[in-house]
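Here the structure is laid out as structure tokens; the discussion comes afterwards.
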């Protein structure tokens, strides 16, 4: 009905007093005026809403002003019985500060207070806009009044049509006046924002924005929305240009300015504002919603080669670890808040605001997500522009908040666990099982990649399209990661759950457990941040889906739902099979990784023994077992994917069949397409249920573990005794003993458990000090006693590390800390810093003192061997240092520190006799230790005897035997015997030839990390070609044809199937419902689907076979290359890097790379098909489609360039956090002894800040690209929708199909870029492997290089003109060496450090580049295959390398000999004679050897290496004698075995460090600077008074004995 007709009807109505203008539709009726007095309808008018809002705002402001008055606040506190603080009192009136002389300066000050010129400018603009709006409102009122009074123009009077009482206001006049007053109120608020203090300015701005937005909302409702309809008109159209002027001004002041005005920076701590705030803190609302504040970062990343952390936006101060800690610790820290609430509720309390916003965003997302099916259903103005844009912004904001919360939670929990760890008691058994736990951590961390987790970027929370497309179609993703983590962590922690929960002593490794908490468990916790999806999103979405489907399909929708639910156990069963296979697969992977790691660690030994081929075969066997389970896993994933594809199809078929066949209803295009969308959504929800539930459970388990750690870990006494006074009264000494160090009537245990503490030997240990023990001040105090007597425990008790139990009322123990304490642990503890930083340990640098410390701790020579000197990085756990060097650096740290008291735990144990003697003579007797109290635990009483001022001798039961001076003390019998042996060793040490004490790994450039290959963004073609060659195998063309055509046909079949549904639906528009053959169409539809599934399965199986082939080939080539490389390459490449290639990079090829390439191919084909379908139906959209794709590509490339840099920085920043964490936990006792906790907490927060800075940028960059590509996709789809709707060139079916394809295409652009990006990142592994496959190689075996079967028949050796160098162009280390050795001779080689002794042994084995001839048993060794040569020569290195496993596996790794032969060899080597007196713990063939043989002494290792040599039966044996002080007994046994147990024709060459071992040899060779200077019988050489050997003998302290051995008289 037209407006005119309505007015006519009203004019004729029976109630002429009511004048109503009614726009069609009830919602638009409103009252203009009423003639009846008393019947006011003004309150119903929509224009009055802003007036109400203004009144409410004014009321709230008044209340606010009153509430903030100090008097009111004081009254409120009194009413609530709260104490009144001094700050609540009225401040005393102060004189105003002197005003600035100039008006300009005052303006500048005001502008500064308001946040700068830009913000102030916007506020002025808003004030101006409000004044203009007020003016327009007044003008509008005047015009209305003129019309009412009958005047045409202001001031010109016309004849009044309706004379009335001018004092009486009409409703319209009242309304106009109210609007003007409201506008005036807006101007006043705007004035406050410009002119008042910052606090009130912000408050007024909020009120103003709400008021202006209300105005905008009302005018849109009245005058803009009607324009979008066919039958409605704007209400205020009569105002003409005035209306549009008002709308324009309102749009600027209410929308543009609030969106564009930058936010003022508010520092978290006003005392410490940031110099340059993070752009996120000052970005305008528009910039924040579109993430355009990141534009400068994106642009910069595309201008510089690499975006370093310094170039990233600074970390916002609300993300500083310090501020997060201050905000969250009062709620989270079990020490500050010891309540029983679970950590989950505490975390929710901390992040409550974030989770409220997340809930709101989820709700918006769900509701807005239904715009798409609604739009398709109504095929009206397709709402793809409105709904999905809102949905996208809500979703991106959800992820923004979620990822910000994630980063903060990571920061808070890491710091929380770290600080709690600083309070825990490190029990005596912490060392046990360390290796196994560490491997668990590594493998858990490594496995976290899963197979194909690479397809999805880390920040993508659940409902992103990427997840819906890959994770939820059964292809493995992050759920695997969670599953892997949970299986790993549960398996590694079974011991904890049994013994550890009630606080009893469990032998689990604490360091490993804590590391697991901040790696695996923290990962699980942040991964489960999306639990809101489970409690809010899914129920809401499923409910809406069901309501929607019911409205469209009636009760047939429930049939579909029933089918879906009934089929769901199938994927569940497959998922269980997947889990079972995954568990076995992880075990197989662990077995391979273990073998590879072990191989790489003893690679030098394998090469010297010629075992590379056999070891390669063993690794290949383990690899094949692993690949079998990877194949099974992939096939199960395929089955799962197919099921997830078929279940929704079955659901739709059931619903549509019921709808058409049983309900006899028509299936129209709108019903088909809209219900398809909702079925898809429903399917996704049911998959998300599985995914989120599993993730949330994993997260809960990990959260429980962290909660348990915070509440139930045993803390030191000082943190557990409730009352401080109680602790003081318990442990403090009487006043006169306050400065004394000692104990009185005290006992200590390692744990406060009732059943004591289990030490590794499984006995309860109690340290008892029944009498008074007071250490001598300013002297060196020794604590001596046999192994296991509790010497270390005595130090720990002093430091307060053990649980104190008083034995009598006057019991006490004391260690005065006022003048500082320094501590050197038995297990030397170093940080991953330079040597210098380790020694300084935060103290000021004093050059003289520092140099003295270096000299006295015997480090001068060691530093000279490092090219970077004291700037050499020591690496994690001191990788680059030998045990002795670590011990001396730990000692140097203690000596350098200003502390008055030094506690040194067996620092001499790791040193050889020489170095130990140097330390005692130079350091303990030096000026730096003078007048300091030193308490030294030692075994070596003989050595420390001269400097000891006071001795405490301990018995084997944890009691003190005696105390006093060295002559007064009774030593334990076993210790006394050891002391005599040590005295002998001291004498013997004097005849050592070279001073080389520790083999030092000399890094290539002084720094530990030889610059690793930089990962560039794009993967090189050669690396991809290598992978493609592996995929294709012997028939690459056939493989790639099958693979590509298969994917193409599958995607085409799916597109045809979607089109066919629309075609079927369109038949109802042509034929009557009865005339459409339903079964015919259903069967064609089913057939299309079946074809798609079969083709997909076939191409996927072909691809899996190819990927497994590639995995096998690359692994084989890599292992062969590394095993076949030169020793020189091994010297310059850290073994850890080689292991990373063989483990982490290979795992990437097995998982993310193979799955990433599949996803990429599948997506590319799918996008081409979808785009092709759109172009075929609407060719006009070819250009916009290409444009969207190109813009998306450009956008994606910009993003990738920035993201790769940021991701690298993020990874680089994560390692130092964990490294610092691990180092601190490993050195917890040292750290607490020095009192360095605060410094470490500070450092931890600095490192966390660096990581947070990178990770916040990382996640925000993802939002930047998502919102842009979503907008492009939305524009493309909505443009197409509008075109199809208004052009009417296509039927409903084709329109629906075209839109379906367009939405699919635009939604995939982003994911295609992300998958490509991820593939490129993972592809770096291919490049790294390719580099290692192409490293320098030793000569490969040939048929000509095989020796005769009888060779070698004797051990004769002839060397002619032998020269050698370490690299082809390096200097010669051996020069023209010629000598002749007969079979069975024993030759000794001596010479000072660097004379070429070791080089000669390597040259004989062709391990370095040689020139000249070496004839071994008359056969030229240069013509032999290396394996043949090295398997027939046996070398016993200085410190032999052993494999972990049984002794049998070490002697005979490839099962070539029986036990009898092995036992004979052990007997011959002297092991059994060494063990005659040992009753328990004998070494047998079944004894387990730890990695590297660390559980055996050096002497025992040499005996085992000798046994290995005897088994091999080589005719030539090279022995590099051990420099370490192996005891006299073992040394004698080894020498006797060498003399008597080897065959008569076995030639023995001994590289000697002590003259005593070789003086009875047949000949002695003296080397100097790579040349032979003497070579003859020892008796002949000693006759020459000017000879080199004679000089060495004369220098030694055992000259007579050496002459006797050579059968000469002095």
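Just so it is clear, glycine is given a Cβ too, placed from its N, Cα and C backbone atoms.
The compositional bias 'Polar residues' feature in TrEMBL is assigned to 463-477.
The domain 'ABC transmembrane type-1' feature in TrEMBL is assigned to 509-698 (among others).
If you look up TrEMBL, you'll see 741-988 (among others) marked as domain 'ABC transporter'. The predicted model assigns the domain 'ABC transporter' (741-988) a mean pLDDT of 80.
Residues or ranges marked as domain 'ABC transmembrane type-1' in TrEMBL: 1052-1296 (among others).
The annotation domain 'ABC transporter' is assigned in TrEMBL to 1357-1594 (among others).
What TrEMBL records for 435-507 is region 'Disordered'.
Per TrEMBL, the feature transmembrane segment maps to 49-72 (among others).
Positions annotated as transmembrane segment by TrEMBL: 174-192 (among others). Tertiary neighbourhood of the transmembrane segment (174-192): same-chain residues 42, 45, 47-48, 50-51, 54, 57-58, 123, 126-127, 130-131, 133-134, 137-138, 140-141, 144-145, 200-201, 204-205, 207-208, 211-212, selected by CB-CB distance under 8 Å and a gap of 6+ residues from either end.
The transmembrane segment annotation in TrEMBL covers 204-221 (among others). Same-chain residues lying 6 or more positions outside the transmembrane segment (204-221) and placing a CB less than 8 Å from one of its CB atoms are 46-47, 49-50, 53-54, 57, 60-61, 123, 126, 130, 133, 182, 185-186, 189-190, 192-193, 196, 236, 243, 246-247, 250-251, 253-255, 258.
Within its own chain, the transmembrane segment (241-261) is flanked in space by residues 119, 122-123, 125-126, 129-130, 132-133, 136-137, 139-140, 143, 209, 212-213, 215-216, 219, 223-224, 234, 284-286, which lie at least six positions past its ends and keep a Cβ under 8 Å from the stretch. Sequence annotations record features per position, and here TrEMBL assigns transmembrane segment to 241-261 (among others).
Residues or ranges marked as transmembrane segment by TrEMBL: 355-375 (among others).
Sequence annotations record features per position, and here TrEMBL assigns transmembrane segment to 531-552 (among others).
Residues of the same chain lying 6 or more positions beyond the ends of the transmembrane segment (558-578) and with a Cβ under 8 Å from any Cβ of it are 474, 476, 546, 549-550, 633, 636-637, 639-640, 643-644, 647-648, 650-652, 654-655, 658, 679, 682-683, 686, 690. Under the heading transmembrane segment, TrEMBL lists 558-578 (among others).
Packing against the transmembrane segment (1037-1062) from elsewhere in the chain are residues 669, 672-673, 676, 1028, 1031, 1081, 1084-1085, 1088-1089, 1091-1092, 1095-1096, 1098-1100, 1102-1103, 1106, 1161-1162, 1165-1166, 1168-1170, 1173, 1292-1294, 1296-1297, 1300-1301: each is 6 or more residues past its ends and has a CB under 8 Å from a CB in it. What TrEMBL records for 1037-1062 (among others) is transmembrane segment.
The annotation transmembrane segment is assigned in TrEMBL to 1082-1106 (among others).
Residues 298, 301-302, 1017, 1055, 1059, 1261, 1264-1265, 1268-1269, 1272-1273, 1275-1276, 1279-1280, 1283-1284, 1290, 1294, 1297-1298, 1301-1302, 1305-1306, 1309-1310, 1313-1314, 1316-1317, 1320 of the same chain, all 6+ positions outside the transmembrane segment (1171-1200), place their C-beta atoms under 8 angstroms from a C-beta of that stretch. Feature annotation from TrEMBL assigns transmembrane segment to 1171-1200 (among others).
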